[in-house]
Amino acid sequence: MHKDEDQRLLGAVPLPNDPDRSLRPQVLDDFIGQEAARANLKIFIEAAKARQEALDHVLFVGPPGLGKTTLSQIMAKELGVNFRSTSGPVIAKAGDLAALLTNLEERDVLFIDEIHRLSPAIEEILYPAMEDYQLDLIIGEGPAARSVKIDLAKFTLVAATTRLGLLTTPLRDRFGIPIRLNFYTIEELEYIVQRNARLFSVQISEDGAHEIARRARGTPRIAGRLLRRVCDFALVKRAKKIDRKIADEALSRLEVDHLGLDPLDRRYLLLIAQTFLGGPVGIETIAAALSEPRDAIEDIIEPYLLQQGFIQRTARGRILHQKAWSHLGLCAPASTQKHPQLFDMPDNASRQTVLWDEADD
């Protein structure tokens, strides 16, 4: 991930030593939002406990900051088992995975974040481990090489990914419980902000909590981060209570607008609007123009803009919707207004209406 993105206020990537970790709920009943996912998990956990068996493998899918890691930790607590955590890029060799799996006890939970970044070789070792609870390793090299099978404790693999499409079908099919997490509503985030304020021993009004919640991009992690910055502002201003005025002033200073867009989002939208006349424009071109890696744009910037209806992804590239033009205070080009079919162009459409076409996008 790009260095600047790691430090971005509205980035949903967890920061090192992030104090918001202390705000995480410890049981499912305290977890706010994701109602359908919580209800289903509660049933699956109770069933596994009643059978005294390991819970089926779980795959969480969704943008960063929605609670995938928190739910994994809660699952281990509810099951009364140990929790082990790692991430896809960390598991570089077969020995790394073997060390993790052989140290698991019966019914333990192993959490792998960013599982889509596992190498194909590691995936091949993971298949029998998930299905048969066995490790099939090759010891030695050349003619002296031999296959060794190691029995494992029956464990639960909980994996998280922001990019479901990058998972191979064999790996994806081995998860018995796939769960998609969605962006939170403003009401849910408002409740989270009020809860966090109580934990901080900070007084906040309903309209103050609402102001923070509506700028949090549907993401609890961002809501907690914004609340901390508003608390800093209120402390320096000697405000006894965070109200809408204090929250608005603080967030405006941080250049977070009323829909939760920050300078990087606006750079993205302005680039497509002003340089490429609303698109279509390929993701590689956008990444080069913004000096940001493609993954950061696809995983961090675009999901919220798509959910809010600012942009559309097409086979030809990214296109701005009317909502984006209005938010930027710009007029859409006449060609966009006259040809709405540009937003839903079939693959066999005339290439003359395409402004920028990139085969590699």
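Counting begins at 1 with the first residue displayed.
For all residues, glycine too, the Cβ spot is worked out from N, Cα and C.
Record features, source Swiss-Prot:
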{"type": "BINDING", "residues": "L23, R24, G65, K68, T69, T70, E131, D132, Y133, R174, Y184, R221", "note": "ATP binding site"}
{"type": "BINDING", "residues": "T69", "note": "Mg(2+) binding site"}
{"type": "BINDING", "residues": "R294, R313, R318", "note": "DNA binding site"}
{"type": "REGION", "residues": "1-21", "note": "region 'Disordered'"}
{"type": "REGION", "residues": "1-184", "note": "region 'Large ATPase domain (RuvB-L)'"}
{"type": "REGION", "residues": "185-255", "note": "region 'Small ATPAse domain (RuvB-S)'"}
{"type": "REGION", "residues": "258-361", "note": "region 'Head domain (RuvB-H)'"}
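Here the features listed in Swiss-Prot are placed on the structure.
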| residue | record | Cβ within 10 Å |
| --- | --- | --- |
| L23 | ATP binding site | 19 |
| G65 | ATP binding site | 28 |
| T69 | ATP binding site | 20 |
| E131 | ATP binding site | 12 |
| Y133 | ATP binding site | 16 |
| Y184 | ATP binding site | 25 |
| R294 | DNA binding site | 13 |
| R313 | DNA binding site | 14 |
| R318 | DNA binding site | 28 |
- [ ] Would you kindly give the Cα-Cα distance separating R294 (DNA binding site) and G65 (ATP binding site), rounded to the nearest Å?
- [x] 19
Task: Helix, strand and coil totals (DSSP H, G, I; E, B; other) for the region 'Small ATPAse domain (RuvB-S)' (185-255) - done: 50 helix, 2 strand, 19 coil
Task: Residue pair E131 (ATP binding site), R318 (DNA binding site) - Cα distance, angstrom, rounded - done: 40
Open item on the list: Restricting to the region 'Small ATPAse domain (RuvB-S)' (185-255), what is the model's mean pLDDT?
Closed with: 93
Task: Spatial neighbour of Y133 (ATP binding site) that is closest, considering only the binding-site residues R294, R313, R318 and their CA atoms - done: R294
TODO: Just report the maximum Cα pair distance in Å for the recorded DNA binders R294, R313, R318, no decimals.
DONE: 14
- [ ] Going by Cα-Cα distance, pick out whichever of the binding-site residues L23, T69, Y184 is nearest to R318 (DNA binding site).
- [x] Y184
